[in-house]
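S.K.: Quick one: the structure is below, questions incoming.
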Amino acid sequence: MRAVKISGLILAGLIAVILFIGYGVMRSSLPQTAGTVTLPGLTSPVTVARDAHGVPHISAANAQDLFFAQGYVHAQDRLWQMDFNRRVGSGRLAEVMGPAVLDLDKYFRTLGFRSRAESAYAHLNAEAQAMLKAYAAGVNAFLDTRRGALPPEFMLLGAEPDPWSPVDTMVWQKMMWLDLSGNMGTELARARALMALPPEKVASLYPTYPGDSEAPLPALADIFEDLPVKQLSEGFMREKPAGYGSNNWVVDGSLTTTGKPLLANDPHLGLSTPSIWYLVRLHNRALDENVVGVSFPGSPGVVLGRNDRFAWGFTNTAPDIQDLYVEKQVGDTQYLTPDGPADFIIREEVIKIRGQADVTLTVRETRHGPVVSDVVSAARDVMKPGYLLSLRWTALDAEDSAAIGIARLNGVQNFEDFKAAGRYYFGPQQNMIYADVDGNIGYHAPARVPVRRPDNPIGGRLPSPGWDALYDWQGFIPYEDLPTRYNPDGGLIATANEKIVANGYPHFITRDWSLPYRGNRIRHLLRSGAPHDTDSFVRLHMDTVSDMVRDVKPWLLALAPQDNPLVAALKAWDGDMAADRYEPLIFQTWLLTFQEKLIADELGDDLYPLFRRLKPRLLKSALYWSGPMSGGQMAGDPVDTDAYFALPVLDKDVSLSWCDNVTTGDRAETCNMLVADALSETLIWLNGGDVADDNVDKVLDNVLNNVLDNVLGKQKWGDSHILTQAHRPFSQIPLIGNFFHLKGAQGGGRYTINVAGSSADPDTLHASGFGPSYRGIFDLSDLDKSLYIQPTGQSGHLLSPHYDDLFPLWREGRYIRIPTNSPVPDGSSVLTLKPSLKPAP
């Protein structure tokens with residue numbers, strides 16, 4: 001026994017030594033942030049002064065050195081993130097992570113982001129190429145001169161980063177298109193639903209924007225004959241994750257306390273650790289010019305922020321710039337076009353796999369784009385022989401000049417410069433707002449947006465026959481016709497992914513506008529709360545009142561059993577979805593349960609999981625037409641249907657047709673019955689009970705007796721609504737993941753200004769993975785009073801004090817300032833980058 005104890009002590013000691021050494025090695029990978037570093041490639045000294053939050057103030061004598069230093073600093077703080085993202089976009093992840101990610105590599109090799117990025121770089125002007133070359137030289141200077149180990153992720157995977165190139169930056173920019181312009185999953189989900197339901201019911205799942213009209217969906221058989229659209233869609237179909245979007249707004253001096261504009265922006269994206277954004281100040285000493293805001297690690301310049309004369313912000317328009325085409329194969333090497341058979345464009349891609357032999361992938365392309373069905377096994381396995389699926393997407397066009405647009409944007413001096421920079425912005429289309437120190441405000445939405453023929457019966461809603469020219473794009477919206485506004489009457493501009501053009505606008509942009517709940521509330525609060533200052537804009541950013549709740553709740557409560565204690569609890573609720581409130585938990589669970597009862601029976605077990613996202617207009621319509629009506633008002637509980645947040649309902653017959661459960665034979669259900677059943681199941685779920693059709697009544701009897709003690713006031717929205725900012729890829733690894741990702745209770749919801757995700761999957765119910773990825777507020781009376789925050793920390797290094805120090809500020813609605821009145825902010829650590837006498841390699 002003594003020997004065992006001694007052996008155990010020796011083993012414990014060895015483990016302690018290994019951990020100590022491992023910790024020491026990882027500590028050695030932290031970057032140098034003070035002192036002097038000599039680097040080849042610089043032409044003059046550069047100062048990098050990091051403030052108390054790790055935000056670098058980079059001051060250089062010229063633009064080349066400035067971008068060089070930005071590349072160096074990005075590599076210091078975010079090297080793993082940069083390398084991981086370029087590997088994903090280039091289809092090279094299997095090199096370090098093995099065969100588990102081979103399908104992902106095949107997908108990105110098929111899209112050809114790397115080769116498209118190379119073509120795009122060749123189309124850039126000398127100014128943009130010089131910027132990208134300088135940035136890449138700075139990244140490589142860090143790789144060549146660093147001391148100590150690589151960041152922990154590289155050590156854990158045994159990986160080494162390759163030198164950085166300008167094309168790597170272009171690949172990363174292509175990656176952003178995936179979040180901001182992907183709607184092919186929606187095309188296929190709509191097609192799959194159309195195989196199971198009548199067109200009018202599918203249309204109610206995807207209703208037109210309030211006030212818009214659209215031609216009825218065509219019957220698939222009329223267009224596709226015997227094509228395997230049903231099977232095809234099962235391989236690709238996904239609804240776009242709920243909540244993606246953004247807010248921005250700007251007011252002129254007539255609505256502020258200073259008489260100068262205020263501008264706010266908060267882009268909503270999937271949240272990860274580290275953040276997609278990196279705060280930075282860039283100071284060109286020769287011109288004495290500053291640009292401040294958020295940058296992408298891997299790209300030079302500032303994407304969102306301000307310079308010394310103006311501020312800007314973006315939101316997404318969700319443009320329909322993807323179309324899927326069903327192609328008829330002709331023999332082994334050709335496919336059918338309007339002009340007859342044509343040869344596939346074929347390229348070979350060699351994929352290296354860690355621990356295994358290389359794999360060669362044959363990629364086929366048609367005149368529309370890559371054949372994506374070749375690399376999605378679920379589609380390939382069920383497709384009828386002779387049919388393929390190709391993708392037309394503006395992101396894959398060779399002449400992408402967005403990098404020029406970003407470079408020009410940083411130097412804008414007036415609104416004409418702002419619009420001129422937009423000419424180079426290839427996409428995806430953004431709502432760009434503007435404010436300058438002279439008091440002007442404006443808006444512009446540049447990008448390439450395709451034009452489709454007016455007699456095209458599909459109009460981008462479904463996969464189209466690739467052999468018929470009727471469905472081909474006819475060019476792009478002329479730049480002069482893109483939406484723009486300058487100093488509008490009323491003194492405000494606000495966008496929240498809702499419709500941005502008036503009825504009668506001659507071009508189609510998208511049908512995937514967000515419902516106007518967020519945008520309407522922003523405009524309402526801007527008008528009612530004037531005059532504004534930065535404090536009032538902070539309150540708007542953090543607002544968690546849901547106008548969707550206020551719109552739907554009265555109709556839901558009117559159909560509910562009035563003696564249920566949850567109904568009484570919700571009646572007085574104002575729709576605030578704060579993390580410490582219990583009402584959002586009740587309402588969200590109830591509404592999701594009601595929706596499942598409403599539509600799951602007709603969609604079926606296989607299809608419904610892909611349609612779980614809340615559909616407020618359909619739910620409101622079914623409730624509205626089922627309720628006690630009196631001249632358009634709800635009897636006994638008046639509802640202000642003229643309120644700014646109230647949306648029109650859908651067709652009565654279609655709405656009510658969902659209420660009956662088609663699986664129950666002769667029994668006819670009503671929405672009143674579904675609401676009551678959903679409420680009972682919600683009550684049981686909140687009490688931790690299991691819900692099954694044969695035990696609801698029994699469990700409910702026990703629950704009702706103690707609901708006030710067990711539910712109301714004790715379970716909060718934030719107890720279930722937990723945000724996880726996942727680390728890529730280590731959040732997926734048990735034990736290790738908890739060290740890398742950030743978690744915490746989150747308030748808000750999909751339709752609040754302070755937006756938040758909320759999963760409808762029963763296994764992760766109410767969990768969130770997205771929200772405001774950055775918040776910025778800009779005071780044009782004194783730009784140094786502007787406010788910034790991002791949701792993690794500046795560093796991607798697990799052991800850095802700046803790995804997560806901004807997370808609590810972001811959650812609590814606090815911000816930091818990044819002043820430009822001194823090259824070196826007070827209390828900062830200063831690193832000087834000195835040019836080497838040796839030439840750059």
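Cβ coordinates are placed from backbone N, Cα and C, and glycine is handled just like the others.
Pulled from TrEMBL, these are the listed features:
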| type | residues | note |
| --- | --- | --- |
| ACT_SITE | Ser246 | active site, nucleophile |
| BINDING | Glu187, Asp320, Asp323 | Ca(2+) binding site |
| TRANSMEM | 7-26 | transmembrane segment |
S.K.: In whole Å, how far does the CA atom of the residue listed as 'active site, nucleophile' lie from that of Asp320 (Ca(2+) binding site)?
M.R.: 17
S.K.: In sequence order, what residues of the same chain, 6+ apart, have a Cβ less than 8 Å from the Cβ of Glu187 (Ca(2+) binding site)?
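M.R.: Once residues fewer than 6 apart are set aside, Glu187 (Ca(2+) binding site) is near Gln322, Asp323, Leu324, Gly460, Arg461, Leu462, Pro463.
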S.K.: Please determine which of the recorded positions listed here (Ser246, Asp320) has the lowest count of neighbouring CB atoms within 10 Å.
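M.R.: With the recorded positions Ser246, Asp320, fewest surrounding Cβ atoms within 10 Å: Asp320.
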S.K.: Once Glu187, Asp320, Asp323 are set aside, which residues in the chain still have Cβ within 8 Å of the Cβ centroid of the Ca(2+) site?
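M.R.: My list of surrounding residues reads Asn183, Met184, Thr186, Ile321, Gln322, Leu324, Gly460, Arg461.
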S.K.: Hey, does DSSP put Asp323 (Ca(2+) binding site) in a helix, a strand, or just coil?
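M.R.: Looking at the DSSP assignment, Asp323 (Ca(2+) binding site) belongs to a strand.
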S.K.: Including all protein chains shown, what's the count of other C-beta atoms within 10 A of the C-beta of Asp323 (Ca(2+) binding site)?
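M.R.: The Cβ of Asp323 (Ca(2+) binding site) has 27 Cβ neighbours within 10 Å.
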